[in-house]
Amino acid sequence: MPEGMNPSSSQSLSRGHLSVYSRSGGSLSDSPEDAARPAPAPPPGSGEDNINVVVRVRPLSNKESKAKDNFVVQFPGNGQLLLEGAPLPAGGSSPGSGNATKSRLFSFNAVFEPGATQEDVLNYSGVRRLISMAVEGFSCTVFCYGQTGSGKTHTLTGPPGLFDGQVDPQSPDHGLVCRSFQFLFQQLRERSDFHFVLKASFLEIYNEKVIDLLNPGSARKPLAVRWSKKSRGFFVENLFTVDCEELDDLLAVLEEGMRNRSVGSHGMNDHSSRSHTILTVHIAAERQMSEDGVFISRQGKLNFVDLAGSEMTKKTHSEGKTLEEANNINKSLMVLGYCIASLSDPKKKGHIPYRDSKLTKLLADSLAGNGVTLMIACISPAKSNMSESLNTLRYAARAKKIRTKPIIMMVRKGATHCHAVDVHRGPVYTPARGLHWSYAVVPRGQMAYR
């Protein structure tokens, strides 16, 4: 039994400490056993995909266990999570009942119980399929969201101290990023029909300033975030990128960035991330299409976003520099929340406040653009953190309603135009080709940058 697990609240699941909800229409949940099977296709002609959301529940911490904090999360199965005794909104209790709490049931693509391992998250969250799509040329994003101390950085990169000194690439403590890099190179080795070029960058957003983690300099000079008319998206000016020919090159990028990241401590977390980070791997794939020298080039992208946790300063006892950091973290997460709320409601067709923070500028395309996105919501099972856990689950439920339109940008060398490939049927399986993607080609002028 994992630390902090209440035996009465645990149910045996077919995949151990995991609950999976398989739906038709684009779920990214996968497994080693069915990795070769086709994923469910979206409705014909829709070309759309929902943001996929999974939840990871960490064990009770030593501090919570010593305080005999109650475990208030149950796992009914089928991708569901039950939060017991969640507080009702003001005025939400029944007249005369005297009861201001109510259990809340949420449904997601997958739910990871406290006993789930780092390998479980890689295998069953949908990250493996996301990597395969990035190799195909899609823009893919994985981001972790949750309160401070909920396990976001642990899920993405591993426990504190993992990158101090000599790093063992085979350590079982490694998170999604290192494991994803290994799976990525496995995919590239299997695609000998393409020539791949990989470039990587790593940045942090600290107190609303963008800092290059691969080339921070002694002064940690902030970089500008600008709008590109060509790509119709935001980018970071003069961001340092590293050519990565081997797996060790990507691991070196991860190690360097983690060592330069801003970390602090407060009343709830001794190793608190004080900034949002974005690690990006650009995957260029080139293939010769004819003997007369015509090449097709695809530009895939894989983003790993570790959001700093939301903080209640009364509980963290932040002051001085730490308080300033907390205020900036909470401000950018509040803007992200506004964007998610607006995008998840189809009736709201007004302004989306992307420009109100550096974070939302850089996540704009991932949230409602032409990419494929996976959100990992991390929560604490402790009763003392119920309010923050409920907020995280509400945001996650809203994000699940957001729809994107994944496309591939393809460039034919020697031509004066490029084609956008829009996903209409999704992945299909044929005996001759196995699992592959079925596309409809749309001229660039007709794409309208949906």
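Cβ coordinates come from backbone N, Cα and C, glycine included.
With a cut-off of 8 Å between CB atoms and residues at least 6 apart in sequence, the same chain places Lys152, Leu307, Gly309, Ser310, Ala377, Cys378, Ile379, Glu388, Thr392 near Gly146 (ATP binding site), listed in sequence order. Per TrEMBL, ATP binding site is recorded for Gly146, Gln147, Thr148, Gly149, Ser150, Gly151, Lys152, Thr153.
Annotated compositional bias 'Low complexity' per TrEMBL: 8-19, in sequence order.
Taken from TrEMBL, the feature compositional bias 'Polar residues' covers 21-30.
Positions annotated as domain 'Kinesin motor' by TrEMBL: 50-402.
The region 'Disordered' annotation in TrEMBL covers 1-52.
When each of the binding-site residues Gly149, Gly151 is scored by how many other Cβ atoms sit within 10 Å of its Cβ, Gly151 comes out lowest. Spatially close to Ser150 (ATP binding site) yet at least six residues away along the chain are Arg58, Gly309, Cys378, Ile379, Ser380, Asn385, Glu388, Ser389, Thr392, judged by Cβ distances under 8 angstroms. If you draw a 10 Å sphere around the CB of Gln147 (ATP binding site), it holds 24 other CB atoms from the protein chains shown.
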